[in-house]
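Here the structure comes first, spelled out in structure tokens, and everything after it is commentary.
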Amino acid sequence: MKCLIIFGLIVAVFGAFVGYGYLVFTELTRPLPKPEISDNTYWGPGDGKDYVPDKRINEFRLSVPQAEIEDLRQQLNRTLRLTDPLDGISFEYGFNSHALEQFVDYWREKYLTKWDERQEFFNKFKQYTTEIQGLNIHFIREKASEEAAAKKHVYPLLLLHGWPGSVREFYDIIPMLTNDQNVTDYAFEVVAPSLVGYGWSDAASRPGFNAAEMATVMRNLMLRLGHKKFFIQGGDWGSIIGSNLATLYPENVIGYHSNMCVLNSPLAILKGIYGTYFSEKIIPSRFFYDHHFPVWDKYAELLQESGYFHIQATKPDTIGAALTTSPVGLAAYILEKFQTCTNPGVKQDFGAIVTVFGLEPVLDNLMVYYLTNSITTAVRFYAENVSKAYTNLQLDRVPTPVPMGCSRFRYDLPSVTDWQLRDKFPNLKHSMYFQQGSHFAALEMPAMLYQDFTAFVGKIGLHGADSCDYKA
């Protein structure tokens with residue numbers, strides 16, 4: 001009898017444990033409803049009580065005083081007191097000081113001497129500013145060419161960059177999107193904004209400006225331009241912002257395409273662990289295994305390369321001050337990210353950045369941060385997105401009906417599988433794997449990204465029905 005009682009207690013405790021575990025699992029993995037957030041929060045200076053929106057759209061043209069370029073040249077002409085790399089070390093400890101000396105020399109002696117040419121290049125697309133929620137937002141607005149508009153279905157497209165990128169990333173892909181191409185029936189009016197706190201866009205004046213708030217500003221920008229419905233394409237932060245926008249405002253999004261398909265919900269994490277051991281059940285081919293698995297190795301790689309993330313998410317103003325006061329320091333910090341985001345075969349090579357991206361594009365991007373003094377406000381975005389106010393929204397657990405397309409470049413951050421992605425995007429229309437390419441796809445492989453995006457658009461089945469929202 002005593003044994004039966006003990007056995008009964010064991011069964012009861014085990015049953016209670018299993019039952020509690022099931023409740024916890026269900027609570028952590030169930031889909032959540034869309035949260036309600038304000039779509040008109042004021043983020044400008046002051047309290048905004050007497051704020052009257054200025055809805056004008058003003059032309060923008062980059063014009064840097066020659067004195068500012070000369071001052072930068074003088075700063076770069078100072079004797080560098082860099083520490084030699086260790087014997088046998090290339091870029092394993094960060095950006096190699098010998099390589100940095102060469103970059104600085106080129107920046108000073110070659111790049112800055114042709115600044116007028118580079119400035120004209122920056123101005124090749126039509127650019128504007130307008131005030132959204134108290135913030136002056138800079139954006140490229142390039143309409144479809146007359147030839148393309150006459151032959152193609154034209155749709156608005158919101159292009160979103162990330163860190164340490166800028167609108168400069170899109171200069172090669174924009175002409176592909178707006179001009180008459182034989183490979184697709186679609187052309188686009190491209191709107192490529194500088195994110196809030198980045199480039200020539202204002203920064204928020206108080207804490208709390210996270211990816212959901214950024215998505216709201218970007219959506220309101222498109223509404224300001226007359227686009228009630230539009231496509232979104234983004235990588236890095238642009239992917240997170242695009243996902244948030246599609247989640248919070250699905251009525252405004254025709255389709256969302258990402259080249260950084262990440263998902264950090266509890267269910268996605270559990271599925272990722274399962275996939276490490278049973279990958280053949282969830283990926284279309286064994287050739288794509290390295291894109292996702294083994295998950296423990298992917299986490300180890302992220303840990304190794306995410307030191308900057310922790311600094312920027314905890315003490316952004318400290319690192320911002322160090323980088324703002326030293327253009328060489330700013331160069332080392334940003335160039336190291338581009339060096340890392342080449343590919344494992346060349347990222348220890350001195351010529352990796354030149355081979356993969358080219359010197360001018362990378363230095364153009366660096367100049368955006370230097371000229372606008374935006375490194376501090378840009379890295380603050382990391383701190384805002386690890387705050388409880390943002391993480392409590394749990395937007396990765398909120399499904400959205402918006403059609404979604406995913407392109408995975410081999411050496412980008414590890415992406416999730418379609419099995420995981422469909423928990424959030426049940427209307428997943430397009431999924432593609434590339435066995436090359438890395439994090440800055442628009443800069444490194446614009447033609448490949450363009451073809452993948454237009455393939456996604458073609459799968460949605462639009463044939464002019466929504467193009468009435470396009471404003472010529």
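Every residue, even glycine, has its Cβ placed from backbone N, Cα and C.
Annotated in TrEMBL:
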- 57-170: domain 'Epoxide hydrolase N-terminal' (DOMAIN)
- D236: active site, nucleophile (ACT_SITE)
- Y382: active site, proton donor (ACT_SITE)
- H439: active site, proton acceptor (ACT_SITE)
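Helix, strand and coil counts under DSSP for the domain 'Epoxide hydrolase N-terminal' (57-170) come to 47 helix, 26 strand, 41 coil. For H439 (active site, proton acceptor), the number of other Cβ atoms no farther than 10 Å from its own Cβ, over all displayed protein chains, is 21. Rounded to the nearest whole angstrom, the C-alpha distance between the residue listed as 'active site, proton donor' and D236 (active site, nucleophile) is 12.
Between D236 (active site, nucleophile) and H439 (active site, proton acceptor), the C-alpha separation comes to 8 Å. Of all the Cβ atoms in the protein chains shown, 23 others lie within 10 Å of the Cβ of D236 (active site, nucleophile).
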